[in-house]
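Contents: one structure, followed by commentary.
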Amino acid sequence: MVDGSIHVPVQSHEGQHDNSSSLNEEIQTSQDPLGIVESYQESSTSDFDKSHYTHNSSIAAADSEYGSAFIQGQSSNGSEIKSERPSIDKKLDVNIDSHPIEPPPFEHDIGLPASQVPAAEEEVESTPKAKPLYFLLDKRFWIVFFLGQVLSLCITATNTFNGYMSGISNIPAFQTFLVYALLTLVYTPYTVFRMGFKKYFEMIFRHGWKYIIFAFFDVEGNYFVVLAYQYTNMLSASLLDSWATVAVVILSFIFLKVRYHWSQILGVVACIGGLVLLVVSDVISRGDYSAVNPGLGDGYMIIGATCYGVSNTLEEYFASKLPLYVVIGQLSLYGSIISIIQTFIFDRHHLYTLHWTSEMGGYLAGFILVMFLLYSLAPILFRMSSATFYNISLLTSDFWSLVIGIHVFGYHVYWLYPIAFVLIILGLFVYHVFVDATRESIKPWLKKGQGVDGVGTVRRPPSLVSSNDELNKKNDIVVAHHDNEVKERIYDAYLSVKNVFVRKS
């Protein structure tokens, strides 16, 4: 129970009339040690709803942030007993030492379901207003912006390592497996350490199905995108890859009930427009974009981009509710299982005939380390901003690839490239021009008592439970998954799509 909770011993029904005076004394003595209630009792009587006293339950209410609490009861003569501990706004001379403040919660402290939250507090405004260009003075925006470019550089680095390895080997599923395996070795033991074996396996049995779905879309997104480049040309692949951004916007709108400002949609369109200019520049400058089977390759790219969209949306949802080590650990655990199965199905012949060299080992090690960094940092960006901003930030990776290509592969810069890069960067700024940078951090789908306080999150006053209770430390992560909520969101998304295509009779 958080600090400020009030426990009132309740007498049995038979002894209510005989002990009403002792009950009054106990309430006033335990909850009003400074004698404040008497001066406020009469004035506060009309401010509260009248309710009957329940004899078979204790009365408890807490408001840890504002410091107010209320008790209602009924004495033997039918009059109501009311007690109020005044809030900080009363500016009374109260001994603060008698009400110690709990330390801030840590990454593992998870909010309880809304039904278990003891007291209601003021909601955080779900759509903060922002003056035009005010975001330029917001430190949080610049952190999100530069973090997005770091992740974009990670994508560029992985593409570079893939480019080197493509001439030596063709083992995309095995490469992905090694990335998931490293993530599992790092994050899963730490998750077990924080939760304990019993609660960890309880989470696996009760909530593993969610992470299997999450990991499946992530693995298949990686697989189909790599596969698409073997059949279609770079022009089609680059354009269709931007479908991941559109998919995230649609899925966030339907599944997470996110509502976008018109300036955010304009920013997304500007970023995609910049990507189109990049592709056109490639066509003009390099020209030869023959494809083995463009129809099949385009289909693979659409499937892969859609899987990326689903994966990013789910990761933003999970990262807002759970510690990062749980989200990454579960994704990598099930991802490694799925990817090793695909490796034996699709890559086993290549592995048997592969000639390992130190050069290939270096490229593979670089690919794995960069992907490890990408998977570790991406959930932080999901918390601080959104999956949509993450995807439009990655669109600059084509420009960074050109910069590397100039120095490594001897590429020549076409004049449309700088314009395209500026247009993408402009789109990132337009995305936040009329919207507070903290708006997406609030996560409107989080209810009271939900959410996690950790790296990149915005503190939500009613969202956390005390970290001092050892029982909560072990149970919070299991409780915070909210099985029914996920199923309800999936069903609501189904109804939303159905209502679009099916007319009501």
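The chain as shown is numbered from 1 upward.
Heads up, the Cβ atoms here are built off N, Cα and C, so glycines get one too.
Residues or ranges marked as compositional bias 'Polar residues' by Swiss-Prot: 18-32.
Per Swiss-Prot, phosphoserine is recorded for S463 (among others).
As annotated by Swiss-Prot, phosphoserine applies to S466 (among others), with the evidence given as experimental evidence.
Per Swiss-Prot, phosphoserine is recorded for S467 (among others).
Marked as region 'Disordered' by Swiss-Prot: 1-52.
Counting only same-chain residues 6+ beyond the ends of the transmembrane segment (141-161), those with a CB under 8 A from a CB of the stretch are 135, 363-364, 366-367, 370-371, 373-374, 377-378, 380-381, 384-385, 389-390, 393-397, 400-401, 404, 408, 428, 432, 437. According to Swiss-Prot, the transmembrane segment annotation covers 141-161 (among others).
Taken from Swiss-Prot, the feature transmembrane segment covers 173-193 (among others).
Among the features that Swiss-Prot reports, transmembrane segment is placed at 208-228 (among others), with the record citing sequence analysis.
Annotated transmembrane segment per Swiss-Prot: 235-255 (among others), in sequence order, evidence recorded as sequence analysis.
Per Swiss-Prot, transmembrane segment is recorded for 265-285 (among others), and the stated evidence type is sequence analysis. Using a Cβ-Cβ cut-off under 8 Å and counting only residues 6 or more beyond its ends in the same chain, the transmembrane segment (265-285) has close neighbours at 234-235, 238-239, 242, 245-246, 249, 388, 392, 395, 398-399, 412, 414-417, 419-433.
Under the heading transmembrane segment, Swiss-Prot lists 290-310 (among others).
Here the transmembrane segment (326-346) has Cβ contacts under 8 Å with residues 171, 173-174, 176-177, 180-184, 187-188, 190-191, 203, 208, 211-212, 214-216, 218-219, 223, 315, 318-319, 375-376, 379, 477 of the same chain, all six or more residues outside its ends. Annotated transmembrane segment per Swiss-Prot: 326-346 (among others), in sequence order.
When Cβ-Cβ distances below 8 Å are used as the criterion, the transmembrane segment (362-382) is approached by residues 144, 147-148, 150-151, 154-155, 157-158, 161-162, 164-165, 168, 175, 178-179, 182-183, 186, 312, 315-316, 319-320, 324, 327-328, 331-332, 389-390, 393, 455-456 of the same chain, each at least six residues removed from its ends. What Swiss-Prot lists as transmembrane segment is 362-382 (among others), and the listing cites sequence analysis.
Annotated transmembrane segment per Swiss-Prot: 389-409 (among others), in sequence order, evidence recorded as sequence analysis. For the transmembrane segment (389-409), the list of distant contacts is 144-145, 148-149, 151-153, 155-156, 159-160, 238, 242, 244-245, 248, 267-268, 271-272, 274-275, 278, 308-309, 312, 378, 381-382, 417, 420-421, 424-425, 427-428, 431, 440: same-chain residues at least six beyond its ends, Cβ to Cβ under 8 Å.
Under 8 Å from some Cβ of the transmembrane segment (415-435) lie the Cβ atoms of residues 128, 130, 132-133, 135, 141, 145, 148, 261, 263-264, 266-278, 280-281, 284, 389, 392-393, 395-396, 399, 402, all in the same chain and six or more residues away from its ends. Marked as transmembrane segment by Swiss-Prot: 415-435 (among others).
Using a Cβ-Cβ cut-off under 8 Å and counting only residues 6 or more beyond its ends in the same chain, the transmembrane segment (290-310) has close neighbours at 217-218, 220-225, 227-233, 236-237, 240-248, 250-251, 391. If one looks beyond the transmembrane segment (208-228) by at least 6 residues along the same chain, the residues whose Cβ comes under 8 Å of a Cβ in the stretch are 162, 172-173, 176, 180, 237, 240-241, 244, 297-298, 300-301, 303-308, 310-311, 314-315, 318, 330-335, 337-339, 342, 481, 486.
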